[in-house]
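Annotated features, as they stand in TrEMBL:
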- 272: active site, proton donor/acceptor (ACT_SITE)
- 184: Mn(2+) binding site (BINDING)
- 302-312: compositional bias 'Basic and acidic residues' (COMPBIAS)
- 321-332: compositional bias 'Low complexity' (COMPBIAS)
- 300-332: region 'Disordered' (REGION)
- 215: site 'Interaction with galactose moiety of substrate glycoprotein' (SITE)
- 310: site 'Interaction with galactose moiety of substrate glycoprotein' (SITE)
């Protein structure tokens with residue numbers, strides 16, 4: 001095997017090409033096989049790689065993939081906010097996302113600027129990403145002792161993600177799928193392959209939510225016929241009593257309805273129905289996935305709040321003024 005055709009040399013060529021001016025691609029560290037990295041590129045970017053002199057099996061394989069065979073890109077919008085478990089939650093989530101090909105993570109901080117913690121995390125996480133931020137007004141933020149359900153969370157952050165998608169829609173995969181992936185959920189990898197089939201809006205069950213083991217659509221003859229949802233009776237009068245983790249939307253549909261978004265001041269549990277009501281004529285347009293909604297592929301899990309009493313004690317001790325030592329008296 002000649003040096004130019006060796007796998008090691010091919011990988012070096014690939015790395016140089018990805019970082020060259022000929023390839024408009026944001027490099028991220030990734031331990032994934034080269035083929036999965038290349039599958040995240042557009043056809044134009046693959047052509048640019050070839051023109052940069054890369055001769056590897058990975059590039060050749062990707063060049064053979066036609067538009068119809070390549071998977072739609074998943075654009076996952078994740079709101080996040082500062083808390084003791086934030087980095088742990090994001091780390092766990094990134095380990096799932098790194099296994100999903102053709103995936104772009106839109107991480108939106110609830111902050112007035114990008115924080116050092118999240119910026120550093122994203123730089124090393126190995127997932128293609130966009131880092132955004134927008135702050136929730138102080139009067140609408142939860143206090144330290146407030147229950148998590150008291151005020152809506154992530155509304156402005158999800159809207160900021162939608163704004164970015166629309167501003168950059170001309171550069172994105174027109175067959176792309178948008179998913180609202182909260183950082184405290186648990187995801188089966190099969191879910192991402194299910195949502196790639198989305199034409200308008202795909203739906204599926206969500207585990208451990210709404211006071212039930214599983215909440216989600218009821219399906220008859222391949223269509224949504226009702227809802228297995230008992231939490232908040234008035235919510236059942238809505239057309240789409242879904243959890244945020246229970247649906248995905250076509251990027252094209254969101255671009256066709258540029259004003260569709262979440263609303264900050266809505267009763268608890270109505271954000272999902274409010275958004276979908278702006279996009280669909282009715283539940284008959286919903287597309288059941290996950291074996292006609294018989295599989296549970298996402299769970300609404302939460303990390304338990306850590307006990308940090310000793311941290312608070314340490315902070316109180318550090319804030320106390322140190323006693324001033326008395327000066328020794330001088331004897332005559």
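One is the number of the first residue shown, and numbering goes on along the chain from there.
Note: Cβ is positioned from N, Cα and C throughout, glycine not excepted.
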Sequence-distant contacts of the compositional bias 'Basic and acidic residues' (302-312), meaning Cβ under 8 Å and at least 6 residues beyond its ends, amount to 84-85, 88-89, 184
Smallest Cα-Cα separation from residue 310 (site 'Interaction with galactose moiety of substrate glycoprotein') among the recorded positions 184, 215, 272 is shown by 184
Cβ-Cβ distance under 8 Å, sequence separation of 6 or more, same chain as the residue listed as 'active site, proton donor/acceptor'; the residues meeting this, in order, are 240, 241, 242, 243, 244, 246, 247
Candidates 184, 215 (recorded positions); min other-Cβ count within 10 Å returns 184
DSSP tally for the compositional bias 'Basic and acidic residues' (302-312), helix/strand/coil in that order, comes to 4 helix, 0 strand, 7 coil
Taking only the CA atoms, the spacing between residue 215 (site 'Interaction with galactose moiety of substrate glycoprotein') and residue 184 (Mn(2+) binding site), expressed in whole angstrom, is 17
One finds that other Cβ atoms within 10 Å of the Cβ of residue 310 (site 'Interaction with galactose moiety of substrate glycoprotein') number exactly 8
Mapped onto three states, the DSSP assignment of residue 215 (site 'Interaction with galactose moiety of substrate glycoprotein') reads strand
